[in-house]
Amino acid sequence: MAGARAAAAAASAGSSASSGNQPPQELGLGELLEEFSRTQYRAKDGSGTGGSKVERIEKRCLELFGRDYCFSVIPNTNGDICGHYPRHIVFLEYESSEKEKDTFESTVQVSKLQDLIHRSKMARCRGRFVCPVILFKGKHICRSATLAGWGELYGRSGYNYFFSGGADDAWADVEDVTEEDCALRSGDTHLFDKVRGYDIKLLRYLSVKYICDLMVENKKVKFGMNVTSSEKVDKAQRYADFTLLSIPYPGCEFFKEYKDRDYMAEGLIFNWKQDYVDAPLSIPDFLTHSLNIDWSQYQCWDLVQQTQNYLKLLLSLVNSDDDSGLLVHCISGWDRTPLFISLLRLSLWADGLIHTSLKPTEILYLTVAYDWFLFGHMLVDRLSKGEEIFFFCFNFLKHITSEEFSALKTQRRKSLPARDGGFTLEDICMLRRKDRGSTTSLGSDFSLVMESSPGATGSFTYEAVELVPAGAPTQAAWRKSHSSSPQSVLWNRPQPSEDRLPSQQGLAEARSSSSSSSNHSDNFFRMGSSPLEVPKPRSVDHPLPGSSLSTDYGSWQMVTGCGSIQERAVLHTDSSLPFSFPDELPNSCLLAALSDRETRLQEVRSAFLAAYSSTVGLRAVAPSPSGAIGGLLEQFARGVGLRSISSNAL
């Protein structure tokens, strides 16, 4: 155990030799990434060359799951169920902690689940069936591929029939066939009814209600043939009882542009006018009211905004009051799907809601190994083509650190009672980080943004109150800014000249980060309404507990949202403030600034970047033989008038 932690710490420091001092039964993150970038995982190869490494990765995942959950294992030895799913598929039953074990518990019987999996596996592309991977408040968050089209379905059915000696092993056991099943088997859609019927049974057994489809197509068209379908265009409306959400998201080939732009996702917008893009965004109205997002503008969002808003939607679904589960899928389920499954897992973990005992390096290992490697992401192929969706996933953590992505159900302060004395520094100090806003106005060194909830009477608009120091030129600034967070806190502190720190760069970084934040910044009003009062000093006779006198504050100016100075207030040197500024970083609530969530996600991202740079690295694009062949075939298809798209199936 200590060796694993030491290896994780070494990986987070960027050491390529992180495996040197760890016991042979465990692999560090660096070795995991090396194996991942060297070969694609296949369940049937687990006992062959490199099998010992894969076995250690699998055992490490089981050990990490076992820290917080009681689980069963569905065997997939040699890929009998699916060739690119884990050989040990983990089914989480309940949290093992004393506090939670009696709160939420799965009602699923593993034997019946296993039977439904075997029966339904051909319903989805590449046999990638609906698989539960996250347990949150008793709800199963699942992943899969999209529905198989008739070509794949009949092809696999014939293959299985031929190689099983004439017996269709998926339907060999028919002792529990109901009258409803018999009725479904009539007519020309016999096979579709059968396999999709079992797929629906599996979804219902896992209590899945919401199905989120990330495909930009209604049906995947390849060389002029429909190779996959999706629930939203099922002609028989078999999935009508589920809540279907079409949230089109660019495929892995789009992330070639992300790499070519120096890994800058800000400003990178998908071309929605391509001929194969025919799946519009479609979300039931009752699911969007609480999110305050203008979904009609989705085609104008850049990659950061789109990913942020989709993640907010998924978090709102899993955090709803009902007990309904969620399915996320794309086409093959090994690029876009693990992206959002990983972001969900890491976001909920950062809130302390799942995997509560895992450290940042441990949750990172589990996410990379289980959500990406063991579920068949083709990192080798993606790296050769420059399609770095895997790197994007973990680098993107800097954009979801703020509390607006938190699933914790805390009561927001929607309004404050009017008082004659205005706002005191204690009021600012007691505001949650979520309510402090961001540095969005030019020239501001500190801004306080009071957020309003839609429809809340008496609440504040998005109006900034900025406190700008007006002291002597010798004043220096202590700045706390985190470019990884959409919201930053900047506080000016006078210091001796020798303590002066470069400030312009930090301020620019903070503003750059703020500008990339979802569509949050679009909701700021700069109308110059009546400003709030400057925080007033408390009486010396009534200091706050833990406060101290300070003599280095000088005067402060009040600036409205439009930037005009309204009035001046002076904080006298004998004023008692609700916090003090020692030479080292204080533990006061205003400068404790980093929330647990932000700290955790930053540590995960830092550990990933260190390990990735020392193993995989940010590579130049190399030509892919398979890509060249696919390109020639695509050109041929276009030449004969067939409708087709890129050869990369996601």
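Just so you know, the numbers here start at 1 and follow the chain as drawn.
Backbone N, Cα and C define each Cβ position, glycine as well.
The candidates are Ser485, Ser530; Swiss-Prot tags Ser530 with the feature phosphoserine.
For the annotation N6-acetyllysine, the record in Swiss-Prot points to Lys194 among the listed residues Lys194, Lys222, Lys232, Lys256. Feature annotation (Swiss-Prot): of 1-27, 109-135, 136-162, 595-621, the stretch labelled region 'Disordered' is 1-27. When you go through Arg60, Arg238, Arg638 in Swiss-Prot, the residue listed as omega-N-methylarginine is Arg638. The two recorded residues Lys194 (N6-acetyllysine) and Cys330 (active site, phosphocysteine intermediate) have their Cα atoms spaced 22 Å from each other. Neighbour counts of Cβ atoms within 10 Å were compared across the recorded positions Lys194, Cys330; the minimum falls on Lys194.
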